Amino acid sequence: MAPPPPHIAVVAFPFSSHAAVLFSFARALAAAAPAGTSLSFLTTADNAAQLRKAGALPGNLRFVEVPDGVPPGETSCLSPPRRMDLFMAAAEAGGVRVGLEAACASAGGARVSCVVGDAFVWTADAASAAGAPWVAVWTAASCALLAHLRTDALRRDVGDQAASRADELLVAHAGLGGYRVRDLPDGVVSGDFNYVISLLVHRQAQRLPKAATAVALNTFPGLDPPDLIAALAAELPNCLPLGPYHLLPGAEPTADTNEAPADPHGCLAWLDRRPARSVAYVSFGTNATARPDELQELAAGLEASGAPFLWSLRGVVAAAPRGFLERAPGLVVPWAPQVGVLRHAAVGAFVTHAGWASVMEGVSSGVPMACRPFFGDQTMNARSVASVWGFGTAFDGPMTRGAVANAVATLLRGEDGERMRAKAQELQAMVGKAFEPDGGCRKNFDEFVEIVCRV
């Protein structure tokens with residue numbers, strides 16, 4: 001009797017860019033899986049509603065809701081951090097197991113044959129309880145993953161001297177020699193080690209090498225230093241570079257399927273009227289938010305640069321200098337189709353929070369960056385951009401108008417900017433090669449599909 005077709009459950013962490021990145025990954029997996037394979041994408045109801053806006057689902061991919069932990073009647077008044085805490089508590093209490101049971105029911109009783117998802121412990125626990133292998137998808141940078149895997153060793157080394165040794169390079173830790181103590185993610189050697197996120201990430205790093213059947217990395221061959229990749233490969237099973245995930249075949253909606261992403265504010269048409277490489281694109285993602293006084297400095301710096309800019313900013317520029325929107329040669333919108341914007345010929349610079357999804361979108365578009373990290377692994381990503389790879393610059397602390405004007409002018413018109421652009425385009429070419437039919441990422445993805453579709 002033939003075995004049943006694979007039923008893959010993809011479990012999302014429904015905050016920041018995690019779910020969107022994993023959703024792109026799930027779309028690619030749905031496109032590549034053998035005929036008869038079904039996929040259930042587990043996330044909260046609110047997150048599913050947002051992801052549905054990206055376009056129609058492939059026929060073999062469905063949403064399955066998991067508990068968000070939000071008490072009835074409190075939905076409208078909760079802050080994002082509070083929502084995250086409630087979700088994690090629900091997940092720890094068995095929310096993902098409930099989701100896997102719902103996935104089985106929605107698939108006509110077909111048992112889940114593999115669990116794919118963010119590298120969080122509750123996903124591993126739920127997979128174990130369901131008797132299914134767990135395959136982890138790391139959505140952040142490889143350097144951040146190595147830092148989390150080495151947390152105990154780093155804490156023993158740095159001790160309570162994180163502040164006094166902030167500028168010291170981590171040369172004693174293989175794969176991390178290009179990074180300083182200050183670049184490490186929050187909760188590794190500084191910050192509140194008992195904060196729920198710090199504890200969670202520490203636990204997942206301890207569990208990952210033992211529990212995961214394979215680990216997908218959001219990077220491509222040649223991007224990370226060889227000693228970093230070697231260090232990861234020594235600790236993780238089937239460590240497969242597959243990124244940027246949004247470039248996997250089938251990951252993005254396409255115009256020929258009438259699923260092209262919307263551009264409700266006319267960003268691309270506005271860019272069409274600008275000269276090549278003349279525009280600075282500014283976006284700090286969905287969760288990073290600068291203080292009002294820093295936003296004012298950013299606005300003043302953009303105006304002082306004299307360059308046209310496209311600024312994706314939720315809400316209004318209440319803190320901007322008086323008359324800014326009337327005087328400055330820019331467009332401010334609450335949302336922009338970022339991948340399409342970065343690919344546009346008019347965009348010559350990217351001012352970013354250095355979230356990993358944004359960094360990878362910038363790399364794959366060949367656009368040099370000016371990084372203003374805020375939290376998490378963003379400082380490490382900014383260090384990678386500015387020092388390890390050299391295709392951008394990083395602000396030293398909060399943005400000032402002078403620093404913004406100088407960064408934009410450098411990236412768009414300066415000699416250093418030309419060097420950074422050349423490096424960005426070199427990396428872009430490497431990305432393209434990795435995703436050719438016989439490229440490293442395509443071959444690794446074929447191996448990944450084979451692993452998750454075993455039944």
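Cβ from N, Cα, C; glycine included.
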Name the one residue among Thr43, Thr44, Thr123, Thr139 that Swiss-Prot lists for the same UDP-alpha-D-glucose site as Ala336, Gln338, His353, Trp356, Ser358, Glu361, Asp377, Gln378.
Thr139
I'd like to know which of the recorded positions Asp118, Thr139, Gln338 sit within 10 A of His18 (anthocyanidin binding site) at the Cα level.
Asp118, Thr139
Cα-Cα distance maximum in Å, computed over every pair in His18, His148, Gly376 that the record assigns to anthocyanidin:
17
Cβ neighbours of Trp356 (UDP-alpha-D-glucose binding site) where a neighbour is any other Cβ within 10 Å:
27
Fewest Cβ neighbours within 10 Å, where candidates are the binding-site residues Thr139, Gln338, Gln378:
Gln338
If you measure from the C-alpha of Asp118 (active site, charge relay), which of the binding-site residues Thr139, His148, Gln338, Trp356, Glu361 fall inside 10 Å?
Thr139
